[in-house]
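> Under the heading ATP binding site, TrEMBL lists Arg59, Cys60, Gly89, Asp90, Gly91, Ser92. Positions annotated as Mg(2+) binding site by TrEMBL: Asp90. For Ser135, Ile136, Asp137, Arg172, Met179, Gly180, Arg181, Glu235, Arg263, His269, Val270, Gln271, Arg272, the entry in TrEMBL reads substrate binding site. What TrEMBL lists as domain 'Phosphofructokinase' is 1-294, 381-668. Under the heading region 'N-terminal catalytic PFK domain 1', TrEMBL lists 1-361. Per TrEMBL, region 'C-terminal regulatory PFK domain 2' is recorded for 381-759.
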Amino acid sequence: MNSAVRAVVRMGLYLGCKVYFIREGYQGMVDGSSYIQEAQWSSVSGIIQLGGTVIGSARCKDFRDREGRLKAAHNLISHNITNLVVIGGDGSLTGANLFRQEWASLLEDLQTSGAITMEQKIKCQHLNIAGLVGSIDNDFCGTDMTIGVDSALHRIIESVDAITTTASSHQRAFVLEVMGRHCGYLALVAALASEADWVFIPEWPPEAGWQETLCKKLAVERSLGQRLNIILVAEGAIDREGNAITAQMVKDILTKELKIDTRITVLGHVQRGGSPSAFDRVLGSRMGAEAVLALMDATPDSPAVVVSLAGNQTVRVPLLPCVERTQSVQKAMNEKNFEEAVRLRGKSFQNNLSTYRLLSKLRPPSSACNPEGTDCKTSRNVAVMNIGAPACGMNAAIRSVVRLTLTKGYKILGIQDSFDGLLNGKVAPMGWTTVQGWAGKGGSLLGTKKQDAEGAGLGRIAAKLQEYKIEGLVIIGGFEAFHSCLQISEARSTYPAFCIPITVIPCTISNNLPGSDFSLGADTALNEITDICDRIKQSATGTKRRVFIVETMGGYCGYLASLAALAGGADAAYIYEEKHSILDLKDDVYHMKEKIINAGVQRGLILRNECANENYTSDFIYRLYSEEGKGTFSCRLNVLGHMQQGGVPSPYDRNYGTKMAAKAVNWVIEQIEENTVNGYVYANKPTSATLLGMTKRLLTFSPVQELCTVTNFDKRIPTDEWWLKLRPLLRILARHVDAGYEREGVEATVDEVESTITM
């Protein structure tokens, strides 16, 4: 929430508005007086890394009554406030919608009673509202992700990962209760990301007799050598009759029926705490800025809007339909129409649920194949491999590819160590249990190398594909993976073995592939950089004023530097794509000095992409700031290096990798079936060699031969990078006055948002 508050204040000031804090939510609006305070640029300094909200939040009984709303309206009018950004959940936004609907009658009552003048009534006759959904439950229809969800998932996954080690050591079962009184999103996505054995959520209660089914599943897992069991229970979990299912109930069943040593962990408000994730900081910044622009664009006839996220696009959705859709979900659950409740949650929720149900099975359907993956319904072989530098999310994607391919009745071959492994015979069938526990592992358990197809030898690769009878290929990796797919597709006329469906799942921390806004691994790397920058800034607390220069990875792609700067509240970020001269550097140094001298800033943060400029190196910038800052601030240089590639995958990368892989498997098998003639697969159209990526609101398969026209192969970056549009926002939030920020959000309906399949 603090990143959103910061963005609203600074974007408002940038546009020449007077901005006010209303402290303690609607209670502060009702009480007025000191609860409504004018905000300055420095009022929101140093808050982006803080959890919670610095302006406070409180439930307000008074605002539910018209008398309370009358007081709130009077307090707003006394400050000439007619534009309101409301950051909150379902209740807060429902209240905002009612407040706006009543605004005209409230003003009429105030003027009649003499509380306000006719002039004030006319001046403040229209109230504009822009809502931002801040709720860790992700229970508001009309947005893919609400502010706070990703951070809450981080807390849950950190807890599950920590518990897993002790549970395995003691051969215990752990039942974790997570938040979600009315929505099971947190429990469901955490189960998907942590490979939990079972999950209980309100929208999809278990069938009658679930106790016996649960015990049978866990008993079989134990007999197969599994040493631990993780079960997630949403706090609002129920059975088909609407009766509560509690963590204690599940523990009692396991203890009594299976004699398993079982422990309960109730995460509670731990999920709301801690430092916000990089995703939430960027999301809050984007949404906060867009909310201000939405208010500036509003007319008397404009509906109140919610600024939402659809895929990777900020959208403005009418508030009232979102509120109604959200309420209809609860109505469906009250009526025990759980299928309808899941449908109303949207395609993303449906996709999460169906993917989890497939991947969490003990073994693939016996009608499809045996658990070892050696005897399958069809004689078809699909292969999977990694190419490029290791990145978090690779293993989660491999796990999903393996299990879902087996579910379809196809044999899945794992190719170790990229093309080298293929040429050296490191190819073997992968079974259901082979990939158990892979989702939470960093690096590449299948092995990977930075090489392309031409370098390895196209003829030799073709011979090996033919030898192993590979009829479909999923490649997970970075620029080398994309380039190899392109080389193979262009060589089809020479090598018929290449005439098979091939798709690439982008996986690189650099996020430098065309055809996709996001690559697996980039979110984890972004969190690593953001965490390090937080600690670096904290290290100077209580000392003299200091500016830190931080170098990030990314090759010639400035994604990591730019988004980490936005998430870390940096003062500047230097990248290859945005040319900078010595005059630009000089202006930034003087701007930094001015903020420290006049705005009370104690610490500065400057990020630089490793290949931003061959002459203005990180050391050069460090020396420049050190020299020009003498007497005002001191400098330190930090080169982050390969620690950006390490760590365990973030919840986003685990979930994104799992679902991207599921979509890739479905596509490959559809292509195999469509292009089989007389028992042989022959796919030579450009549309059969693709890269799967998120582009704005959709996941799309783009032919690599088309993507090559929008790729700078020399610098290994796309010619069009969406995140460059966020660069002006970075400068605005750092108090630069020369930024030309353009409106990001587009209008959309709640149906359009709910039809997207992303997070």
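Every residue, even glycine, has its Cβ placed from backbone N, Cα and C.
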> Going by a 10 angstroms cut-off between Cβ atoms, which of the binding-site residues Arg181, Arg263, Arg272 has the sparsest surroundings?
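Comparing Cβ neighbours within 10 Å for the binding-site residues Arg181, Arg263, Arg272, Arg181 has the fewest.
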> Taking each of the binding-site residues Gly89, Gly91 in turn and counting other Cβ atoms within 10 Å of its Cβ, which one has the fewest?
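Counting other Cβ atoms within 10 Å of each of the binding-site residues Gly89, Gly91, the minimum falls on Gly91.
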> Tell me the Cα distance separating Gly89 (ATP binding site) from Val270 (substrate binding site), rounded to the nearest angstrom.
18
> Mind checking which of Arg59, Cys60, Ser92, Asp137, Met179 has the fewest other CB atoms within 10 A of its CB? They're the binding-site residues.
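Taking Arg59, Cys60, Ser92, Asp137, Met179 as the binding-site residues, the minimal 10 Å Cβ count falls on Arg59.
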> Would you list, in sequence order, the residues of this chain other than Arg59, Cys60, Gly89, Asp90, Gly91, Ser92 that have their CB within 8 A of the centroid of the site's CB atoms, where the site is the one recorded for ATP?
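So the additional residues around the site are Gly25, Tyr26, Gly88, Leu93, Thr94, Gly95.
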> Can you tell me how far the Cα of Cys60 (ATP binding site) sits from the Cα of Arg263 (substrate binding site), in Å?
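Pair distance, Cα basis, whole Å: 37 Å.
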> If you count Cβ atoms within 10 Å of the Cβ of Asp90 (ATP binding site), leaving out that atom itself, what do you get?
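Counting Cβ neighbours of Asp90 (ATP binding site) within 10 Å gives 22.
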> Let me check the 10 A CB neighbour count of Ser135 (substrate binding site). How many other CB atoms are there?
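Looking across every protein chain shown, the total is 22.
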> For the C-alpha pair, I'd like the distance in angstrom between Ser135 (substrate binding site) and Gly89 (ATP binding site), rounded off.
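Between the Cα atoms of Ser135 (substrate binding site) and Gly89 (ATP binding site), the distance comes to 5 Å.
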> Between Met179 (substrate binding site) and Ser92 (ATP binding site), what is the CA-CA distance rounded to a whole number of Å?
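Between the Cα atoms of Met179 (substrate binding site) and Ser92 (ATP binding site), the distance comes to 19 Å.
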> Cα-Cα separation of Gly91 (ATP binding site) and Arg272 (substrate binding site), in Å?
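Approximately 18 Å lies between the Cα of Gly91 (ATP binding site) and that of Arg272 (substrate binding site).
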> Can you tell me the CA-to-CA distance separating Asp90 (ATP binding site) and Asp137 (substrate binding site), as a whole number of Å?
10
> Please report the Cα separation of Arg272 (substrate binding site) and Arg59 (ATP binding site) in Å, rounded to an integer.
16
> Going by C-alpha positions, which of the binding-site residues (Asp137, Arg181, Arg263) is nearest Ser92 (ATP binding site)?
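For Ser92 (ATP binding site), the spatially nearest of the binding-site residues is Asp137.
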